[in-house]
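Participant: There's a structure below that I have some questions on.
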Amino acid sequence: MQLHELKPAPGSRQKPTRKGQGIGSGLGKTAGRGHKGQKARSGGGVRPGFEGGQQPLQRRLPKRGFTNARFKKEFAIINVGDLDVFEAGTVVTPELLLERKMIKKLKDGVKLLADGNIEKALTVKLHGVSEAAAEKIKAAGGQVEVM
């Protein structure tokens, strides 16, 4: 088989319907739009969420809560188990993790979580450390410093 011999699978492609092309096509005259009315006109139809003048659902329900999404800090995540690749006594910094490609980018900082185990004593200097992760690092004889 060559490139010019490729064909779509049978039944996978359907001919487009040509609306308004005569009564024999099945979609002539009104072209499937019915008679008159807003939806029959060109450019006609109602906006999404419009309920015909009835108070729309979005306005019937009360406003609730508050979001700080624009200013939310997003951390690059790394787990305690991932740090086992370093030799004992290493100072683990965001720059080192980036250099070793253990995180893709710094974002708003790096946070250490407690998944996995560690046997080596490391000094960890990151932007965030969970309590459980800090306990595991200290139990292995390491130090934790939050930047």
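Glycine is no exception: its Cβ is also placed from the backbone N, Cα and C atoms.
What Swiss-Prot lists as region 'Disordered' is 1-65. Per Swiss-Prot, the feature compositional bias 'Gly residues' maps to 21-31, 42-52.
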Participant: Go through the chain and flag residues at least 6 beyond the ends of the compositional bias 'Gly residues' (42-52) whose CB is under 8 A from any CB in it; none is fine as an answer.
Facilitator: 58
Participant: Please list, for the region 'Disordered' (1-65), how many residues fall into helix, strand and coil according to DSSP.
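Facilitator: Summed over the region 'Disordered' (1-65), the classes give 13 helix, 0 strand, 52 coil.
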